[in-house]
Amino acid sequence: MGMQSGWPFFCLLISLTIGSDPHWVTVYYGVPVWRDAETVLFCASDAKAHSTEAHNIWATQACVPTDPNPQEVLLTNVTEYFNMWENKMAEQMQEDIISLWEQSLKPCVKLTPLCVTMLCNNSNGNSAGNSTTNRTEDLEDRQMKNCSFNITTEIRDRKKQVYSLFYVEDVVPIKDGTDNNTYRLINCNTTAVTQACPKTTFEPIPIHYCAPPGFAIMKCNEGNFSGNGSCTNVSTVQCTHGIKPVISTQLILNGSLDTDDIVIRHHGGNLLVQWNETVSINCTRPGNNTGGQVQIGPAMTFYNIEKIVGDVRQAYCNVSEEWGSMWNKTKKKIKRLLGNNTTFKAQDKNGGDLEVTHLMFNCXGEFFYCNTSRLFNESENKTNKTIILPCRIKQIVBLWTRVXKGIYAPPIRGNLSCXSSITGLILEHSGENGNKTVYPSGGNMVNLWRQELYKYKVVSIEPIGVAPGKAKRRTVSREKRAAFGLGALFLGFLGAAGSTMGAASITLTVQARTLLSGIVQQQNNLLRAIEAQQHLLQLSIWGIKQLRAKVLAIERYLRDQQILSLWGCSGKTICYTTVPWNDTWSSNTSYDTIWXNLTWQQWDRKVRNYSGVIFDLIEQAQEQQNTNEKALLELDQWASLWNWFDITKWLWYIKIAIMVVAGIIGIRIISAIITIIARVRQGYSPLSLQTLIPTAARGPDRPEETEEGVGGQDRGRSVRLVSGFLALIWEDLRNLLIFLYHRLADSLLIIRRTLEILGQSLSRGLQLLNELRIRLWGIIAYWGKELKDSAISLLNTTAIVVAEGTDRFIELAQRIGRGILHIPRRIRQGLERALL
């Protein structure tokens with residue numbers, strides 16, 4: 001009764017045990033997971049080292065060649081967050097461009113010797129004719145100062161007087177109360193000025209920012225993307241598009257365009273406007289500056305302006321008529337963002353640096369400062385006509401790269417002109433809500449790079465992932481480590497990013513091979529580029545960056561492999577562990593939901609906070625397994641006693657036996673020598689070579705007696721008394737051999753007795769096994785007969801029941817059939833009876 005009452009509880013326990021289905025932590029290598037990262041990027045360009053064009057020089061020293069086959073992989077079902085205002089790529093590009101400018105100025109001459117007193121007069125140049133046209137009649141005069149000053153010659157104690165033309169913005173009067181014509185250069189009390197080398201050019205060339213191996217660049221392909229928020233159209237690339245590092249304020253020149261519409265990116269008081277169409281701007285400096293050279297010291301040459309041929313007023317820029325429509329569209333967009341009461345105005349020219357109050361850019365080596373009031377003032381009618389911007393030219397320029405650093409741009413001979421495209425604006429706004437004032441701005445060059453890099457961000461590939469699995473690590477045996485082969489391209493590793501975890505885990509081996517092969521491929525490309533330009537990369541900031549990028553990926557890969565090795569997962573794409581999975585790590589998400597609905601990226605975000613805990617538990621479990629394996633291996637040595645009788649170990653046993661016998665013989669020889677020496681020292685001589693000396697009988701536990709007359713004699717034995725050294729040695733060797741013979745005989749008897757006992761035990765064991773076999777066979781035969789009889793009885797009973805049922809069914813069918821057949825007869829009989 002008690003057994004029957006316990007059955008329900010037992011069944012319930014079994015059902016609970018089966019239904020619990022515990023999960024274990026499983027390690028996956030090669031999962032498509034990435035995280036936001038900051039790393040050292042390097043640049044690539046299409047510059048040619050053999051080209052004689054000056055603007056290729058710095059690109060060949062700075063960048064590696066571009067990839068002729070750039071790869072871009074579209075990530076389906078992936079949503080990624082971008083924030084252009086916190087994008088470290090823009091800050092890194094800022095530092096890199098600064099380094100490039102400073103590097104290009106390193107060998108150039110410092111102009112400290114020019115910080116002297118100058119006597120200056122106004123100079124309007126030598127007019128070569130009336131070249132003023134109607135379109136330039138309202139341009140500003142470009143006033144010049146003709147200054148003379150004393151400089152030190154190549155011989156230090158001698159001086160000479162020279163003269164040079166300076167723009168009025170580059171000199172300031174010295175107010176010492178003596179003479180109103182004394183001037184100095186504007187930089188002398190604030191800025192260290194370097195003269196640009198004669199061959200230095202600031203013409204930009206497109207550069208591509210590239211991620212090192214082990215990293216990737218995410219790209220947002222959505223139109224009208226604000227640069228801050230989620231993007232659903234995401235792809236991964238290795239390098240950005242070609243970015244021209246054009247330095248300018250107020251207007252963005254030669255940048256990228258949006259594919260759909262005008263986009264305004266707003267952050268704080270900054271407004272970055274990106275157009276979808278370009279507006280051309282053509283700038284000109286007519287006339288001919290005649291340049292001269294003045295030696296200001298040993299190997300130091302100052303390139304000055306000797307005279308100007310032509311009209312000094314003709315420095316200007318022409319903005320095409322498309323400006324009006326694009327500016328009107330931009331204003332509507334800004335009013336929609338800030339409010340309808342927003343007003344627009346140009347920069348105040350009364351205060352501030354020229355770089356902020358004017359449009360500053362470099363045109364063919366000269367620095368232009370253009371008045372943009374005609375572009376931004378609402379009073380100006382800008383519809384369907386070309387706008388002329390008056391420009392100034394400065395030779396002493398405050399560099400945007402560092403505070404208190406400047407550059408002297410040597411004069412450029414001949415006519416200067418350059419054509420650019422306006423692709424956006426840099427604006428600021430101020431005022432209270434509803435009454436905003438928008439005006440052009442500049443000076444913070446990082447905004448230029450943000451405008452180009454808004455759709456990019458750098459991520460690091462994290463190929464190691466953990467997830468719950470139903471399998472548990474069972475054994476501690478060593479497995480052969482698998483080696484990964486080389487596969488496809490690196491970016492294909494993220495191709496399964498939008499797939500669910502179950503679908504992506506099927507291709508883990510391919511993804512792991514892709515990861516390694518991509519690293520190897522990128523390392524080879526980078527090494528080839530560096531080897532091709534190693535003579536140019538010396539002492540270059542970019543050379544250091546490229547070498548760092550070269551080492552970084554291998555370090556990351558080795559780190560991942562070391563982690564897998566510590567977990568006992570080296571060389572495996574799927575590795576099972578003995579760590580139970582805690583449902584709280586995954587917020588109690590069901591197993592089927594994890595593997596069928598989540599991508600690896602979504603799963604990583606869910607368990608990221610617990611990754612450290614899980615990794616520690618896996619490492620502890622592996623350490624415990626190593627301890628268990630060591631103990632098992634030590635125990636396994638005692639479990640293999642039969643290996644002691646392996647034929648390969650017999651020589652070792654024979655060697656040990658020979659050493660033991662040699663040791664015993666050596667000890668006996670030493671004992672014999674000591675005995676001989678003792679006898680010789682006693683000084684006796686035996687009477688004969690052999691004398692019979694009776695010995696007393698000894699009991700089993702009595703010491704041997706040698707004197708006569710002590711007790712009775714059982715038997716006599718002869719003791720050999722010899723003389724001579726060789727005879728004594730022979731006697732001792734004979735006794736030793738007899739001793740060894742007796743010991744070996746005893747050992748053989750013991751071994752024979754042991755073998756007899758083992759044989760008897762083995763025979764007895766075989767008899768027991770035979771009896772057990774007979775009993776088992778009898779039991780099997782008995783139960784087989786019983787099962788056979790039961791089966792026969794069951795078949796007989798079934799046959800009888802079926803036969804009886806069949807007979808009854810047949811009889812019933814016959815009765816029904818006869819009844820149906822008798823119906824006409826019964827009808828006829830009824831009719832006959834009715835008629836009678």
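Keep in mind that glycine also has a Cβ here, set from the backbone N, Cα and C atoms.
DSSP assigns ASN77 (N-linked glycosylation site) to coil in the three-state reduction, outside any helix or strand. As annotated by Swiss-Prot, N-linked glycosylation site applies to ASN77 (among others), with the evidence given as sequence analysis.
A C-beta separation below 8 Å, combined with a sequence spacing of at least six in one chain, links ASN121 (N-linked glycosylation site) to LYS145, ASN146, CYS147, ASN181. Residues or ranges marked as N-linked glycosylation site by Swiss-Prot on the basis of sequence analysis: ASN121 (among others).
Here Swiss-Prot flags ASN134 (among others) as N-linked glycosylation site.
According to Swiss-Prot, the N-linked glycosylation site annotation covers ASN146 (among others). When other Cβ atoms within 10 Å of the Cβ of ASN146 (N-linked glycosylation site) are tallied across all protein chains shown, the result is 18.
Annotated N-linked glycosylation site per Swiss-Prot: ASN180 (among others), in sequence order. Around ASN180 (N-linked glycosylation site), the C-beta neighbours below 8 angstroms that are at least 6 residues distant in the chain are PRO173.
Per Swiss-Prot, the feature N-linked glycosylation site maps to ASN224 (among others). Counting only residues at least six positions away in the same chain, the Cβ atoms of ASP258, ASP260, ASP261, VAL263 sit under 8 Å from the Cβ of ASN224 (N-linked glycosylation site).
ASN340 (N-linked glycosylation site) is surrounded by 8 other CB atoms, counting those within 10 A of its CB over all protein chains shown. Swiss-Prot lists ASN340 (among others) with the feature N-linked glycosylation site.
Positions annotated as N-linked glycosylation site by Swiss-Prot: ASN384 (among others).
Here Swiss-Prot flags ASN415 (among others) as N-linked glycosylation site, drawing on sequence analysis.
Here ASN435 (N-linked glycosylation site) comes close to GLY339, ASN341, THR342, THR343: these same-chain residues lie at least six apart in sequence, with C-beta atoms under 8 angstroms from its C-beta. As annotated by Swiss-Prot, N-linked glycosylation site applies to ASN435 (among others), with the evidence given as sequence analysis.
Within the same chain, no residue at least 6 positions away in sequence has its Cβ under 8 Å from that of ASN582 (N-linked glycosylation site). Annotation note: ASN582 (N-linked glycosylation site) sits in a coil segment as assigned by DSSP. What Swiss-Prot lists as N-linked glycosylation site is ASN582 (among others).
All protein chains considered, the CB of ASN609 (N-linked glycosylation site) has 9 other CB atoms within 10 Å. Look at Swiss-Prot and you will find ASN609 (among others) tagged as N-linked glycosylation site, backed by sequence analysis.
Taken together, the residues in the region 'CD4-binding loop' (349-359) have a mean pLDDT of 75 on the 0 to 100 scale. The region 'CD4-binding loop' annotation in Swiss-Prot covers 349-359 and rests on sequence analysis.
The annotation region 'Fusion peptide' is assigned in Swiss-Prot to 482-503 on the grounds of sequence analysis.
As annotated by Swiss-Prot, region 'Disordered' applies to 696-715.
Residues or ranges marked as motif 'YXXL motif' by Swiss-Prot: 684-687.
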Count of other CB atoms lying within 10 Å of the CB belonging to ASN415 (N-linked glycosylation site): 14
Collapsed DSSP category at ASN121 (N-linked glycosylation site): strand
Candidates ASN77, ASN340, ASN415 (glycosylation sites) - the one closest to ASN609 (N-linked glycosylation site) by CA: ASN77
ASN77 (N-linked glycosylation site): tally of other CB atoms within 10 A of its CB: 13
DSSP-derived class (H/G/I helix, E/B strand, else coil) of ASN180 (N-linked glycosylation site): coil
